[in-house]
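Here is what TrEMBL says about this protein:
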type     : residues : note
TRANSMEM : 12-36    : transmembrane segment
TRANSMEM : 56-76    : transmembrane segment
TRANSMEM : 91-109   : transmembrane segment
TRANSMEM : 129-153  : transmembrane segment
TRANSMEM : 165-185  : transmembrane segment
TRANSMEM : 197-216  : transmembrane segment
TRANSMEM : 256-277  : transmembrane segment
TRANSMEM : 358-385  : transmembrane segment
TRANSMEM : 406-423  : transmembrane segment
TRANSMEM : 429-450  : transmembrane segment
TRANSMEM : 497-518  : transmembrane segment
TRANSMEM : 601-619  : transmembrane segment
Amino acid sequence: MSSDILVPLPQGAGYAIVVGLGMVFSLGMILTTFVLRRYQKEIITSEEFSTAGRSVKSGLIAAAVVSSWTWAATLLQSSTQAYKNGVSGPFYYAAGASTQIVLFAFIAIKAKQRAPEAHTYLEIIKARYGAAAHGVYIFFAFATNILVTAMLLTGGSATISALTGMNTVACIFLLPVGVMIYTLFGGIKATFLTDYVHTIAIVVIILTFAFNAYAVSDKLGSPGAVWEKITQAAIDHPVSGNAEGSYLTMHSRSGGIFFVINLVGNFGTVFLDNGYWNKAIASSPAAALPGYLLGGFAWFAIPWLTATTMGLACLALESDPSFPTFPNRLSAAQVSEGLALPNAAVALMGKSGAVATLFMIFMAVTSAMSAELIAVSSIFTYDIYKGYVNPNASGKRLIFMSHTSVVIFAIAMSGFATGLYYAKVSMGYLYELMGVIISAAVLPATLTLLSRKQNTVAAIWSPILGTVVAIAAWLGSTKSLTGAVTYDNTFEDDPMLIGNVVALLSPLIFIPVLTLVFRPQNFDWEILKSIKRVDETEELATALKLEGVALDGATPLDSDSIEKMKPVKSNVSALVNEKVYNQTVINAEKESERLRKASKIAGLVCIFWSLAVIILWPMPIRYLHFIAWYLLGFDRSIP
């Protein structure tokens, strides 16, 4: 925490939120699990822990997408972009990170159709390409989860420390505790339920900030007042690369560069993060497309209005004596840490603004982190442990490994984030770097479900070569453009842009060349249906025995009844599987037609969305247009 920032809240407030509120959510989830088990006879098997029965509806999927995509960076980094570049920043952040969710809706449908019983997308990789490719994509999946979780912990801890003076390392280690507990008890269903609550709380706080800044505050109180102060800010410290140095223009070189970096990096964090595949797998077949489309559209308003309110308020209030760093502007380090939002909240609303920010950031960090914990546990359990260590593992053993991996990952990430803190690596740096590290795997991973022709060599080597070339381009351009490879120089706009673009697009060269040289694969999609669910017999028998309830609910189970259950369940399962198979064959043409319709809808929506957010909306704005710009975003944020 920087010494020149006024700390508005006591340390106790930080511990109360991080520890106290975390325990409240944990106890709430434990109680919910008990109620579901007691009255709904729900049993948390390994399948239920990872897939929630594969029957979650579109509304809950949409809420989960919004919540898990609302990172600390969503709120902090978007506000930073508004502070640095003006009105273009919020728009470029929201537009550059919502398109991927809309596109992923189509991929989710493909996954449900072609590998209906998969637990992770890595199982699909292994079934198609074998163990070597599987190992490559496990690396990229873990790299994605590590980068996302590191951003959550570094960004969240920096904000909480700035607002309360809480020890940053203590914050890093305590933030995952509550999340870890309720995730252990409830699995992916816990993330869906808490995501819904977290999203409501975050939206309410964002609207509170917006009403204060643009309606009731005695410091601002109207769009006109904000416009006047931002216009003055452009005179006092104009933005290099913006038209006439203005903050009220979409003509921003830095904003446009960030848009491309944001677009590239977030393709990686959606398409390679097993958490989004978890949600697709957990959804009912009919819910995946509308769930992801609704989630993508609804999410757009969160960073856009947050940044349009708090990023611009930070600019407008920086010269006010109530601003925490007055008379100084925020330093480059403070901006990189994402401290524009909390400082604006304190200047705008005083201690109540600090409390609201603290609560909002906690919600954003914990909801996104729970999805990361489930994603990592699924990979470790089904791709590593069941895939290579114990292929015949029972469901009971798998859920134990899921729990173990959640705990280990939470502790390991706390240690890693602490190292980043002492190395002074900020959330903003990680956010722009992530595309360079992971985005080369986006195209080959996507083509695994979309193209029969991509072969094993292309799937293995295109992400490896793409990443190597991207890192070389990033560091080489840093040396060429700035003269030295340093932390600050590698964080410059142009090197980050070059590295990100090379990472995403270089596989467009490697994949066709490697596929032609080593011949197309012509893959049979039916092979992916060989991925099967885990046998839950032992878990169900153990759970029912502990409850003392027979299968018919009449008498307690004894050892004989448990043994009798196995052949009965086996016969029933055989009949059900046969019926499901026959029904699948009968409905194959109908399913294909539904998929064609879904792909057309997704394609049309993507075209419309791209035209709307890239051409029609971001037109040059003046004073009256600024009011309309704000009111449109405000309207989108109200449910």
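Glycine residues also receive a Cβ, built from the backbone N, Cα and C atoms like all the rest.
Only sequence-distant pairs (6 or more apart) were considered; of these, fewer than three Cβ pairs between the transmembrane segment (56-76) and the transmembrane segment (12-36) are under 8 A, so the stretches are not in contact. Here the listed stretches are 91-109, 129-153, 165-185, 358-385, and the one with the most C-beta pairs under 8 angstroms to the transmembrane segment (12-36) is 165-185. Between the transmembrane segment (256-277) and the listed ranges 129-153, 165-185, 406-423, the one holding the most Cβ pairs under 8 Å is 129-153. Each of 197-216, 406-423, 429-450 was scored by its Cβ pairs under 8 Å to the transmembrane segment (358-385), and the highest score goes to 197-216.
Listed stretches 91-109, 197-216, 406-423, 429-450 were compared with the transmembrane segment (129-153); the greatest number of C-beta pairs under 8 angstroms is found for 429-450. Counting Cβ pairs under 8 Å to the transmembrane segment (91-109), the top-ranked stretch among 165-185, 197-216, 406-423, 429-450 is 429-450. Same-chain neighbours of the transmembrane segment (165-185): 1, 7, 9-11, 14-15, 18-19, 21-26, 28-30, 33, 44, 152-154, 156-158, 191, 194, 362, 365-366, 369-370, 373-374, 403, 406-407, 410-411, 413-414, 417-418, 421, counting only residues six or more beyond its ends whose CB sits under 8 Å from a CB of the stretch. Outside the transmembrane segment (197-216), and at least 6 residues removed from its termini, the chain residues within Cβ reach (under 8 Å) are 63, 66-67, 70, 75, 222-223, 226, 302, 305-306, 309-310, 312-313, 345, 348-349, 353, 356-357, 359-360, 363-364, 366-367, 630, 634, 637-639.
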